[in-house]
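Visitor: Handing you a structure now.
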Amino acid sequence: MTSSTKSSFVLGHRHLLGIEGLSVADITGLLDLSEEYVELNRQVDKKRTSLRGRTQINLFFEASTRTQSSFEIAGKRLGADVMNMSVSSMSTRKGETLVDTAMTLNAMHPDILVMRHSASGAVELLARKVDGSVINAGDGAHEHPTQALLDALTIRRNKGRLDGLLVAICGDVLHSRVARSNIILLNAMGARVRVVAPSTLLPPGIERMGVEVARDMREGLDGADIVMMLRLQRERMSGSFVPSVSEYFHYFGLDQKKLAYAKPDALVMHPGPMNRGVEIDSIVADGAQSLIREQVEMGVAVRMAVLEALARNLPNA
């Protein structure tokens, strides 16, 4: 068992609240550190001691399987004492404000808090009220930085680079924090980004984020190296954004016919959870061009890298 990685990278930030604000050097450093953890996680002994004696609280106000489990595994493999707080047991359901919750948790002296919340900006509010480091595990439609990092790692490992690639992000861009974080990261790293969706699922002024816009799959996937599908986030929809699920799949669901519009060696990604038969069919999701399972594996490595990089900034680290 070793206590540290070969990489000496230290993230120049106390928190990870978003991709926005990270430099190219920050992103590259996190991806390089993640590579070390990919190899560690494939060994029999997956333990490190770099977070021994540290307390990590996973604070999830929205249901999560992949992200919460991934952060829990990441923390435990680094030797942290990990506590998962369920929203059903939180005092916020009894009327306590988020600020009160933050101050209560801060009194327990956690070193790292990992938070997911349905409100954009909630994680930043928490970060202003606590002494430890805060990681954004998704806040509303704002950002999901570790998802963008694991997506970038997956792409880089399979394509050898990010610079110059064309990444088509397809589906419910309007409600997607994953799309926003990926757009920021991919643009920073020199990739071309094209968003593909019906007009009702595109944020107004999305072009200002430096993306190309297409409103049908033939145009959208033309020349794409990576096809990243997004699910319909019906829990965030207050009205009718698509006529029907079947019609949406007909025009925007990824099947073999539509995938053929992309480059022959194009690879398929999805942040999960997938709605099979809505934005993607099973043949493509489980096919040879799919990286979806690999994304899950990369998630643990990336979150280990983020936890260690932030822990190196903690007092007495």
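Along the chain as shown, the residues are counted starting at 1.
Using N, Cα and C of the backbone, Cβ positions are placed for all residues, glycine too.
Copying in the features that Swiss-Prot gives for the protein in this structure:
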type: BINDING; residues: R66, T67, R116, H144, Q147, G272, P273; note: carbamoyl phosphate binding site
type: BINDING; residues: K94, R177, R231; note: L-aspartate binding site
Visitor: What residues, ordered by sequence, lie under 8 A Cβ-to-Cβ from T67 (carbamoyl phosphate binding site) and sit at least six positions away in the same chain?
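Guide: The list for T67 (carbamoyl phosphate binding site) reads F60, R116, A137, G138, T146, Q147, G299, given in order along the sequence.
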Visitor: Near the carbamoyl phosphate site, what residues other than R66, T67, R116, H144, Q147, G272, P273 in the same chain have a C-beta no further than 8 Å from the centroid of the listed C-beta atoms?
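Guide: Nearby residues not in the site list: S64, A137, G138, V178, P271.
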Visitor: Over all shown protein chains, what is the count of other CB atoms within 10 A of the CB belonging to R116 (carbamoyl phosphate binding site)?
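Guide: Its Cβ shell of radius 10 Å holds 25 other Cβ atoms.
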Visitor: Among the binding-site residues G272, P273, which residue has the fewest other Cβ atoms within 10 Å of its own Cβ?
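Guide: Among the binding-site residues G272, P273, the sparsest Cβ neighbourhood within 10 Å belongs to P273.
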Visitor: Can you tell which of the binding-site residues R66, H144, G272, P273 lies nearest to R177 (L-aspartate binding site) in space, using Cα positions?
Guide: H144
Visitor: Near R231 (L-aspartate binding site), which binding-site residues out of H144, G272, P273 have their CA within 10 Å?
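Guide: Within 10 Å Cα-Cα: G272, P273.
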Visitor: What whole-number distance in angstrom separates the two most remote CA atoms of the carbamoyl phosphate-binding residues R66, T67, R116, H144, Q147, G272, P273?
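Guide: Across R66, T67, R116, H144, Q147, G272, P273, the widest Cα separation comes out at 16 Å.
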Visitor: For R66, H144, R177, R231, listed as binding-site residues, tell me which one has the smallest number of other Cβ atoms within 10 Å.
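Guide: Least crowded of the binding-site residues R66, H144, R177, R231, by Cβ count within 10 Å, is R66.
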